[in-house]
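Enquirer: One structure coming up, written as structure tokens, with questions to follow.
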Amino acid sequence: MIDPHARAAGSAPVPPPEGGQDPVAPETAHWTGGPAAPSARPAELAYHRLDHADPRHRWWKPLVEVLISGPIFFCVSIVLGILLAVVALAPGGPEVSMELSSSDYPVDIFTQPLVFFVTFFSIVVLLPCVLLARVIMGPSPLGLISSVAGRVRWRWLGLCLIVGFGLYGVVQAVLIGVPAAAGAPLPETAFDPSVGWWILAMILVLVPLQCAAEEYAFRGYLMQTIGRWLRHPAWAIVLPVPIFVIGHGYDPWGQASVGAMALTAGYLCYRTGGLEAAIGLHVANNVIGLLLGSIGWADPFASEGGSAFDLGVALLLNLGYAALIVVLARRRGLQTRRRVLLPPGSKALKDRVAAG
């Protein structure tokens, strides 16, 4: 992921906190609009309101962002599809099946490394598209889309990944181990070394990037776009959820689970002031699910067969992860607001400063 540190000309640098709350007083905080005018007033902005941190940013700019990133993403996706077809049709090329399941994912994706790569890389390219549009339209600095610190907080991201993998790993071990201890047979392992190692490598390298790309689009761009217009965080947390759910072709139980994860991710962006916790949740969910799928122990692309039990497990996982992350953020004194100086007419001056 990108760790931008660029500042607008004339801005005053603010040292990033070392795990704690930003100690800089509001009167001397980061000012993105040039030298602070005497009438400028201090404010603290939550993650979804960070578009207001740049006084030069206007209400219509998020609309132009999607007009930039959308067509680029569409064109790149078309090019990837054409390249896949060319490789598949070339003499001596690998056999490729693009037959889609009812969940709109390729059938036998775990036995086709090329199809697996194109499927997930076509989502990864969403990340540079979103960031390019943000570079062009603002707000500045670019890192505001990552967190209130204006950058990816790598140590915090690492901790979130540890929590996510630990929690998901324990739950999956229980779900598999308890029935086995009661005498139920373990799922039959299906792993073809000729392609399986390629699939495994892509799960560990490509899938985390795919998760990050979706978070930058659905929790980064969309949350901050909605927060540009609507003050209350509930709007920014809830409104992107249906769009995220529609992109996953599961049955109602599966889509409810996806919706629960989207709500949890949005809430954690607000509570922690950045995308790191949402990325940790998304990566742990996808990587562990795909690892189990790659050996035939699960079907992460199943469009049917979900149950209330599956939804219950998903809810417990999301609630448990959120609780752990909120506690850790509080204990570490994580920066959850960005202190800025705003011009007198800024609507963001009316924001209520809430505890992180």
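Cβ coordinates come from backbone N, Cα and C, glycine included.
These figures come from a predicted structure and were not determined experimentally.
For 1-40, the entry in TrEMBL reads region 'Disordered'. Among the features that TrEMBL reports, transmembrane segment is placed at 66-90, 110-133, 154-175, 195-217, 229-247, 253-270, 277-297, 309-329. Sequence annotations record features per position, and here TrEMBL assigns domain 'CAAX prenyl protease 2/Lysostaphin resistance protein A-like' to 197-288.
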Enquirer: Could you pull out which residues elsewhere in the chain have a CB under 8 Å from any CB of the transmembrane segment (154-175), counting only those six or more residues past its ends?
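Expert: Contacts of the transmembrane segment (154-175) (Cβ under 8 Å, skipping residues fewer than 6 from its ends): 3, 19, 272, 274, 276-277, 279-281, 283-285, 287-288, 292, 313, 316-317, 320-321, 324-325, 328, 332, 334.
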Enquirer: Who are the chain neighbours of the transmembrane segment (309-329) in space, where the CB to CB distance is under 8 Å and they lie at least 6 residues beyond its ends?
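Expert: Distant Cβ neighbours of the transmembrane segment (309-329) are 159-160, 163-164, 167-168, 171, 175, 253-254, 256-257, 260-261, 263-264, 267-268, 271-272, 277, 280-281, 284-285, 336, 356.
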Enquirer: What residues elsewhere in the chain lie close to the transmembrane segment (229-247), defined as a C-beta under 8 angstroms and at least 6 residues from its ends?
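Expert: Same-chain contacts beyond the flanks: 46, 48-49, 59, 214, 218-219, 222-223, 255, 258-259, 262-263, 266-267, 269-270, 347, 350-351.
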Enquirer: Which residues of the same chain, at least 6 past either end of the transmembrane segment (277-297), have a Cβ under 8 Å from a Cβ in it?
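Expert: Hits for the transmembrane segment (277-297): 1, 110, 156-157, 159-161, 163-165, 167-169, 172, 176, 187-191, 196, 199-200, 203-204, 207-208, 210-212, 214-215, 219, 261, 264-266, 268-269, 271, 317-318, 321, 325, 329.
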Enquirer: Can you work out which residues elsewhere in the same chain, 6+ from the ends of the transmembrane segment (195-217), have a Cβ less than 8 Å from its Cβ atoms?
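Expert: Sequence-distant neighbours of the transmembrane segment (195-217): 1, 110-113, 116-117, 120-121, 123-127, 130-131, 145, 244, 265, 275, 278-279, 282-283, 286-287, 290-291, 294-295.
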Enquirer: Which sequence-distant residues neighbour the transmembrane segment (253-270)? Criterion: at least 6 residues beyond either end, Cβ under 8 Å.
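Expert: Counting only partners 6 or more residues beyond its ends, the transmembrane segment (253-270) has Cβ contacts under 8 Å with 46-48, 215, 218-219, 223, 233, 236-238, 240-242, 244-245, 277-278, 281-282, 285, 302-303, 306-308, 310-311, 314-315, 318-319, 321-322, 325-326.
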